[in-house]
Structure formats: C-alpha cells, structure tokens
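Student: One structure, pasted below without further comment.
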Amino acid sequence: MATTSSGLRPALRGERQRISQQQQGLVHGGNSLTRSLNNGQNSLRSKDTTKPLPSPPPRRSVTPNSRSLSRDFDDDNDPGRVRVAVRLRPRNAEDLSEADFADCVELHPELKRLKLRKNNWNSESYRFDEVFTETASQKRVYEVVAKPVVESVLSGYNGTVMAYGQTGTGKTFTLGKLGKVDASERGIMVRAVEDIVANISLASDTVEVSYLQLYMEYIQDLLAPEKTNIPINEDPKTGEVSLPGAVTVKVRDLDHFLQLLQIGEANRHAANTKLNTESSRSHAILMVYIRRSVPEIVEDDINSQNMKAKGNFPLVRKSKLLIVDLAGSERLDKSGSEGILLEEAKFINLSLTSLGKCINALAENSPHVPTRDSKLTRLLRDSFGGSARTSLIITIGPSSRHHAETTSTIMFGQRAMKIVNMVKLKEEFDYESLCRKLETQVDHLTAEIDREQKLREKEKYDLQKQLQDCHDSLNETRKNLVTKSEFLEKENTRLELDLKEILAEFNCQRDQNSLLQDKIADLEMSLKQNKQHQLESSTYQKVLADTTQMYEKKIAELIKQLEVERANSGSVQEQLDAMKKLSGDHQKLIQQHEMEKSKYQKALADTTQMYEKKLMELTKQSEDEHTRFEGAQEQLDLANMLLTDYQNSMQGQEEASELRLKLEEMYRLHESTVYELQSLKAELKDQIQEKEAICEKLNDVQEKLSAEEKRRKTIEQELINLKKCTPECDKDFEDKKSYMKENTRGTSAFGTSASFNKSVGLQKIIQLLTSEDSDVQIHAVKVIANLAAEDANQETIVEEGGLDALLTMLRSSQNATILRVASGAIANLAMNEMNQGLIVSKGGAQLLAKTASETDDPQTLRMVAGALANLCGNEKLHAMLKEDGGIKALLGMVRSGNSDVVAQVARGLANFAKCESRAIVKGHHKGRSLLMEDCALEWLIANCNIASASTRRHVELALCHLAQNEDNAKDFLPSGGLQELQRISMESSREDIRDLAKKMLKSNTVFQSDMHLGWH
C-alpha cells in the first residue's frame, strides 16, 4: 500500500506504535490470537442474532483483482471463490486419555456441514465446500481439494493450495507426507507434482520448483540453506510477487522431486513441544512453475477472439502453483514453548494474525487490505483477492480441550469462503522460443547457403573441367578428321587411278576375248570340215571322240565358271564362245592336218592352260576389287561417324551455353538469398537492441527496489533500536530468569541492564569484565548475560570482544557466581548458529568441560549443560565436541542428581542424535555414532523410565534417532536397547514417538532378524 504524503517521521511514529502494540500482544504467546479470534466469533454470532442494520453503500476495493462475494457462498458456479474444506484429525492417545473431555465437533459429510458444540445442549452448524471425516484417505482429499487447482494450473492459471489449523492437527501430513513406505499416504505435494509431470511433455514444457520456509520473518531457501534472507520483489505495474534469490530446480521426474522434497524437509525448522514431537516452526511454501507452449490451433473460448491479432507467433502459458504448509497456531500454556521456541511462536502468531486481518478485510470488502504487515501476506497476495484459484483445507482436532482453537480455525475458514478471486489466464508471446527458432533457421539457412555455394563451386569446377575436356577432344577430333579427310582424299585419288587402270586392262582383255572368239569361230568351221575325215580311221575317230569329250567337259566347266563370273564381268561368255570357235577350228585343222595332230593338240593344251591362268587372274582381281570396295565402304562409314561426332560436339557446346545460363540464374538466386540473410540479421540485431533496452529498464527497476530495500532496512534498524530501549520481558529464556533476579539485586549499584547499556555503552561494559574488583565483574557479566539473551545484541557483543572476555573469565576466575553467570551468557550466545562455531574454535567446549569437572554447584552445572546442549544441535561441530571432551563432560554432569541438570543432559543427547540421524539421511555421516564411545547408550537405557515427562521424552527421542543408524544396532542388542525400543513403541505417552519407534523397528534389518529369532 502506498504511504501517505505527510512525511516520513509521522509514518515512522505510527509504525513504531503499531509494532510495539503487536509486541505487547505477543508477549503471552498465542493467547492474544485466541482471544481476538474468539471476539471475532462472538461478533459474528451477535450479527446473526440481532436485527441487521441497513447496509452502507458498497465501496470499491483497492485491490484491482478482488471483488466481494455479494451472494451466498453456497453458489458453487463461481470458479474464483476460495474453496474451503475441513478435515478432522483422528483421536490420539492424549485425546483418549482425556476422559473428562468429549468431542466438540460433529460431522455431517453428506450435507457438507459441521456442528460445533458449545456445551451439552447448544451447538452451531457451519457449512463448507467439503467435510472430511477422520477416515478420509489421502487420495480423496487430494482429488477434492487440490486436483481442480492442479488442472487449472495446467490450463495456464495460477493456483494455491494451503493448509491452516492448530499445531498437531495434521497439516504437514495432509500436504507434505512423502509416503515412502506406503504410497497411499502420499500428501498433496507429491500427488500434485505427479499429476503435473504426467500431463505435460518434458520435450516442449518445463516444470521448476522452489521450496522455501518463512522462519522468524526471514525467508530461507530449503534447497540452499545458506540463503537465509531472500528479499521479496513486487512488480509496480502488475503487482506480481517474485523471489529473485530463490533457487529454482527443473524437475526431471517424480523420483527427482521426491529427493528435492526430502532435502527440503531435512532443512526445515522443527522442534519438540507438548502438542507435537515434530512441530513445524516455520511456514513452508512449495512453488511449482509451469511453462507450457500453446498449440497452433487453440479453441479456448477466452483466447479465440484474440487469435487473429496474435497471428502465427508462438504462444506460451506460464502458471504458478503454491502449496503452503502454515505453521500451527498455538497457545503457550498448552505448547510449553520457552526460550527460542517462544520467539518462534511469537513470529508464527504474528504472521497468522496478519493473515487473519487480510482475510477479514477481503471478506468485509474493506477498502484497505494490510498485505504489507507480514512477509507471509505479501507472498500470498495473489492467493487471496488476486488472480489465483485457491483451495484452503483447515484441520481441526476432536478434543473439547482445544475448543477455542477449533472455533477460531472454523471461523477463519468461514471468512475465507467469502473471498472471490479474479482468475486470469497468463498467456504471452514466446519471444525466446521464436528468437531461438529464428536463430536456428538463420544458422540452417547459412549452412545451407554455404553448402549450396560449395556444391555450386564444385559443379562449376566440374563443368569447366568437362568443358575443357570437350574443347580438347573437339580439337583432337578436328585434327583427326582433317588427317583422315586428307588420307581419304589421297586414297580416293589412288582408287580413281587404279580404277582407270583396271578399266583400261579390262578393255584390253575384252579386245583379246574378241580375237579369241574369232579364232574359236574359225576352229568350229574347221571342225565341221574335218567331220568328213572321221571315217578314215576308227582309231583316229576314237581318239578324236575322247579328245572332243574331254574338251566338252572342260568347256562345260568353263561355261559354269563363266556363268558364275558373269555378274562381275560380261566378257566371260565371249571367251567361252571364242574357246568353242577355237576348238572347232582346231578340229578342222586336225582333220585337214592329220599329220600335224600332235602339234595342234599341244598348241590347244598350251592355249587352254593360258586361258585357265587368265581366268584365275581375273577371278583374283575381281575378289581383290570386292575387298577394296568393302574397305572403301568402311572408311566412308567411319567418316560419317566422325561427322556425327563433330555434330554432337557442336550440341555439347550448346549444352555448355545452357549450363552457363543456369549458373547465372543460380548466382542471382545466391545474391537474393544473401540479401534475405542480411535482412534477417538486421531484424535480429534490432531485437537484440530491444532486449538490451528492456534489460536496462529492468536494471533501473532493480536499482529502485534496492533503494527501497535500503530504506526499509533503515526503518527496521530504527525499530530495533526502539526495541533495545523497551524493558525486558518477564518470560524469556529459562536460563535468563536467574540473571534477571540477580540483576535486580544489583540495581542499586548499576540500575537495569538496558539503562546501564544506554548510559555507559557496551564497549565500556565489556571493559569492566577485566576489572580487578570482583563485584564490578559480577555486575558487568550479569549485564552481558541479559543482553546476550536478545538476538539483536549477540552480534555486537561478539564483535566488541565480549565472547573472548567471557571465555577468559571461565579460564581464570575462581568465583562461583562469575563462573555460573558467564556460563549462562555463553549458553545464550550458543543459541545462534554463527556463534556456535566461534565458541568451539576459541576453545569454549574445553573450558565448559573444565568448569563442569571443577564445580558441584547445580546452577553452574545447569548453565554449562545448557550451553553444551545448544552446541550439540550443530552437526558440523560434533567431531570437535568429541575431541574437546564436551560429550564426556555432558554425561559426567549427571552425577549431581539435579533434575534440571539431567533434563539439559537429555536435551543435549537428543539434539546430538537427531542431527546425526539427519546427517546420515543426507549422506554426510557414516559409521557408528560418536555417542557410543562415551557410554551414552547405557545411560539412556537406564533413564528411560525417569519421572520427569519432558526428560523422558528427550531420552526416548534420543534412543529412536540412535536406532536409525544401522551401525549402532550391534550396541543395542547386548545392552537391552532393542527391548526398550519395543517398550517405547507400545507404552510411550506420545503417539508420534511410538510411531517413530515402530518405524525404526521395521526399517532396521538387524532388529528384524533378532526379533524373528526371538519369536522362534
């Protein structure tokens, strides 16, 4: 809320008055909270019974996202109304032991109503959205209370699931139960994340978690415990709350989330009170951030009208789920809180009171909602009166002994049901995904262009090489063609000359054949003339017939040969006719010249042989001519082929020109692609500049927030200074009571510690510790002890050398009062974790052990035991405490027999065992417990039945935590520790301790085998 413009000083004075009033109201623990809630209940009852006054005109709320529920909250159609369910815890051993107290509530789950009994004859009925009995399962509670919220979160809306109720009523069981042994006992946290992981795609969606606790108005990261004061940032425009210093872990699967949840639970502050053994001392907040990409086609009614405006840009839905496990409200007279537990209870009740005021303001439609009174209300600003869908489950107990707390819890739920939130869908452009997509596309296009450019260069090189080869082959072909054409021209010239010679020879042969034909004709005539002489001699006729027959055969053969060769030469027939004529003439010459017969026969034989040779030569020439003709034909075919190749090479040149054109087109395409790439790079550069401008704006906002934070710290420092000036509280740490009593006895000399500190100064008080006057030292150490009881003074005391002075007094002083008060001051300083390491490193544990061994004063021993017990609560110092003899000295102080000393010893052993078991769970410690070497187990077993209930509870807790380490099992068996664990699991007065003992018996395999052998 904005401050008024009347100046800073009036605002500071009003703030100081309000804080002082809250401190006075919180002095008595939760009593004021219970009285205020009872007054609220009575006021509501008076409004119901009296006649209603005319309602004033409605006023508009300052919160923009909230609106009043003007109608009855029975209407379940409004999704923005806060849904409230009530769950009744089963009766435990304490409830069963209280025979004088009957159940104060009566459930009607079928009517969704609850009756609260005021007495035996009067009761009031309240209606809720759901009523769960003590037998309701964890699954049903989740499906009714949390599953609708989880489904809304998966759809893009913010959601909150919160548990509210008295301490010990089952809030942490309902929300944060891990359910390792039995999966049916899993709480809302595990089931919600299981549903979320099952309904998203881990490839495109992300789930991140942060686990925080609000402890004494400091926000601490449970996943990174070193972050103890995380600031809260609020967007001045949207009012959205963020924690920039918190660790966010991306969830891989359900097992990974269970590991994170186990780490967070181990780091959460818890303590043992009368109402609960493991009472949460902080508000735990699990933040689940979901980022889901929206599909391209969206049919959501809310966004369908805006899809045209959004275009094709990718959308993302960011939603947040808060699961809040509030610390339980408690009354100090019932919880028994004291010391640091008292301070924790103050801050718990203060934050719950601020939350109740905000709920009342929203329910009554008040114009002012005090969300800035507490960090809890600032964190839950969106859950009540904001834009989140909220489900609240309130837990109550059945016992009438807690009637006031049950009534205030029910009225808190009734007021919360009147709140209506304005549920909003958070959907925005996915600029990061779009930027990454564009960068990927640019890289892909760049790589594609480089690849295509290299491919084109390679193709260009190959084409140039092919073109060069074509040119070379074309030139060579041209040379070959020229050479072959010249050869063919010469060959044609030679063939033409040969043809002319053959024609001339053929003509000559034709003329010779004509002469032979003439001679043959003459011979035929002579043969006709010689027929008359055939009768002259039979012998001559016989010889002539044989000769004629022989020549006829030869002539027939020649005729056949001439017919075969007639196609190649037309003169063969004429030669045969000439032969016939020559034969006839020869016959005539034989008839006329019988005497010259032998001569003509010889001449005929010679002539026949000559013509046979001529015919053979002509046949051979004809064959040679045919062979030459075929060779010429082959050369002509080769010439045609070369001519065809030349034409093809001309076509190759045309293809090369076409390839050049294609290369030019590809080059132009490359230039256009480069231009587009440059334009994309320019757009990317513009987007980067816009992003840098946004980052500068964010830095300016962060600087403004840091300035506001410095201003707030200045105001807080002034408030702390005011607190220092206020008188000491009556109910402080148990060890401080004695200091105050002793200090009042010395008031005449130095006055109160606050006034003394204001008038003298802390540095001068610390200097008085070294005074030689013992009375001055006593009064000075008392003032330091009282100042050390306040957290705000501890850092200053250590910085000014107060711790060193106290250790020096333990080392050198022999005065019993100084030793007692100095030990108490060190015990007060040891409540701070930062001071614990300094005390041990400066030898404080050795000095405390030495003081314990040299004195028998019960009060001094109680202070020393309290200091060592506080040091035992830091697992990092266990080994050093062991080496310095702190554990041995702690066990040695039981010799006094004083109940207060024994109680501090039991508390120290319980703290040591609890921290050691936590270190084993985290994996920081292995092996046998350090307490076993100093016979701590035997002392714990011997004092299990001690009369003091608180001491017995510490002893039982120490045994249970020691049993968690399996390496200690061998020591439990011979010493009777197993039997004591079995007895604790059945007879302990605390139900949670019985459950813890049963769990240890079931989980330890050595115990199981020993009990199995015992049964057989």
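Each Cβ is built from the backbone N, Cα and C atoms, and glycine gets one as well.
TrEMBL entries are annotated by machine, without manual review.
Pulled the feature table from TrEMBL, pasting it below:
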- 1-80: region 'Disordered' (REGION)
- 19-44: compositional bias 'Polar residues' (COMPBIAS)
- 81-419: domain 'Kinesin motor' (DOMAIN)
- G165, Q166, T167, G168, T169, G170, K171, T172: ATP binding site (BINDING)
- 435-505: coiled coil (COILED)
- 548-610: coiled coil (COILED)
- 674-725: coiled coil (COILED)
- 760-802: repeat 'ARM' (REPEAT)
- 801-844: repeat 'ARM' (REPEAT)
Student: By DSSP assignment, list the helix, strand and coil residue numbers for the repeat 'ARM' (760-802), in that order.
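Tutor: Here the numbers are 33 helix, 0 strand, 10 coil.
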Student: Looking only at G165, G170, which of these binding-site residues has the biggest number of Cβ atoms within 10 Å around its Cβ?
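Tutor: By the 10 Å Cβ neighbour count, G165 comes out on top.
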Student: Please give the average pLDDT for the repeat 'ARM' (760-802) in this predicted model.
Tutor: 82
Student: Within 10 angstroms of the C-beta of T167 (ATP binding site), what count of other C-beta atoms is obtained when all protein chains are considered?
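Tutor: Result for T167 (ATP binding site): 28 other Cβ atoms within 10 Å.
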Student: Using the CB centroid of G165, Q166, T167, G168, T169, G170, K171, T172 as the ATP site centre, which other residues of the same chain sit with their CB within 8 A?
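Tutor: Here the nearby residues are R89, A163, N276, G328, T395, G397.
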Student: Tell me, how many other CB atoms lie within 10 A of the CB of Q166 (ATP binding site), whichever protein chain they belong to?
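Tutor: Its Cβ has 28 other Cβ atoms within 10 Å.
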Student: Non-local Cβ contacts of G168 (ATP binding site) (under 8 Å, 6 or more apart, same chain)?
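Tutor: Those within reach of G168 (ATP binding site), by Cβ under 8 Å and sequence separation of 6 or more, are R89, L275, N276, S279, G328, G397.
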Student: Can you check which residues sit near T169 (ATP binding site), meaning Cβ under 8 Å from its Cβ, same chain, 6 or more apart in sequence, and list them in order?
Tutor: R89, G328, T395, I396, G397
